[in-house]
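> So TrEMBL lists these for the protein:
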BINDING   Q10, P11, T12, G18, N19, G146, E147, D148, I185, K194, M195, S196, K197, S198  ATP binding site
BINDING   D134  L-tryptophan binding site
MOTIF     194-198  motif ''KMSKS' region'
Amino acid sequence: MKSLCLSGVQPTNFLHVGNYIGALKQWVEIQHRFPCYFCIVDLHAITVAQDPKQLRENVLNTAATYLAVGIDPKRSHVFIQSEVHEHAELGWILGTITRIAELERMTQFKDKAKRRADNVGVGLFTYPALMAADILLYDTTVVPVGEDQMQHVELTRTIARRFNTTFGDTFVIPQALIQKQGARIMGLDDPSVKMSKSATSTMNYIALTDDDDTIRKKIMRAVTDSGKDIVYDPDKKPAVTNLLTIFHHMTGRTIKDLENEFEGKGYGDLKKALADAVIAHVGPIRDKIAEYRKDPKELMRVLDAGRDAAQELATTKMKIVRERVGLGRA
Ligand code: AQP
């Protein structure tokens, strides 16, 4: 079986270091091993209310971010989900074989629905069926994601098996690929919740577009734990563990090495050094994002080519799916 990697991000805001560490950083490595399709999942983004003008801006910012972190358009295909209509069509078909009880178990749905109790659309509930379509449309074998998306990839596998059993072998069963450390970067203002683009406070995340002063301010104000020791301990020291994890990913230094360096030092020392490390790593990414946004020609060229490449695979797959399900005319 041919390997193929697919992943995506919702264009709901500027991407943050959690998206980068949990997903994008892996993509950059993976593109040297597999053919890759990286989409900007705008159909997913509208499962919560978006300002239409801002959404289109966010789509281009997200595309610019993919390229700025090192996605090479000569190797990988970057495209916008809604421009390949087969995603929505397959999402609908897979929704018909997805059980309500399965969707009710999804923790992301429960979390997001709780935050918007008076305004939960059906799309937020059926989000995992659309995500299954994104993945299965391309015979994806590998899906690099953060830990929060693991449950959705598991459900994708269940849906694919169910479809294959009902209609005949059609879909490849994909595997999630997840980091050992940093699969879930937590909020700087609250280490009990994940860092999130749509957090109510901007102090929750470091955006890849934040300027140096903002990065420093957010890190210096980050919540810490009781006690003084700078040690990696997710249960007793969730805030410090989160800062060490970000430090590790920004520098490539091991956690042990960082613990040794900060032994006997204070949280202020850790935060100062972390701010320097994040600024050194994120600064060049931020500058490249700005360059791509200033001259959108290259961005448009990449998105057109990515759409055409994705469309070719999607067209072939959907022809088979329609036949198997019995849709339309022969
Ligand atoms: N905090 C995180 N730590 C590690 N990985 C993360 N990812 C998201 N947050 C973290 C991973 O980033 C990829 C893109 O995520 P998404 O935009 O599709 O949706 P999300 O998981 O819901 O991310 P956000 O930032 O919380 O977005 P909003 O606020 O819009 O819902 C995924 O691979 C995800 O695992």
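Backbone N, Cα and C define each Cβ position, glycine as well.
Curation plays no part in TrEMBL annotations; they are all automatic predictions.
In the displayed structure, how are the listed features positioned relative to their neighbours?
The Cβ of N19 (ATP binding site) has 25 neighbouring Cβ atoms from other residues within 10 Å, across all protein chains displayed.
A sphere of 10 angstroms centred on the C-beta of D134 (L-tryptophan binding site) encloses 25 other C-beta atoms.
For the motif ''KMSKS' region' (194-198), the list of distant contacts is 10, 12-19, 48, 146, 148, 184-188, 204-206: same-chain residues at least six beyond its ends, Cβ to Cβ under 8 Å.
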> Cβ under 6 Å from ligand 1: which of the binding-site residues Q10, N19, D134 qualify?
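Among Q10, N19, D134, near ligand 1: Q10, N19.
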> If you average per-residue pLDDT over the motif ''KMSKS' region' (194-198), what number do you get?
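Its mean pLDDT is 92.
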> Count the residues of the motif ''KMSKS' region' (194-198) that DSSP assigns to helix (H, G, I), to strand (E, B) and to coil, and report the three numbers in that order.
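Going through the motif ''KMSKS' region' (194-198) residue by residue, I get 0 helix, 1 strand, 4 coil.
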> Given D134 (L-tryptophan binding site) and Q10 (ATP binding site), what distance in Å do their CA atoms have, once rounded to a whole number?
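Each residue's Cα considered, D134 (L-tryptophan binding site) and Q10 (ATP binding site) end up 13 Å apart.
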> Any same-chain residues 6+ apart from Q10 (ATP binding site) with CB under 8 Å of its CB? Would you list them in sequence order, or say none?
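In sequence order, the residues whose Cβ lies under 8 Å from that of Q10 (ATP binding site) (at least 6 apart) are V41, D42, H44, A45, K197.
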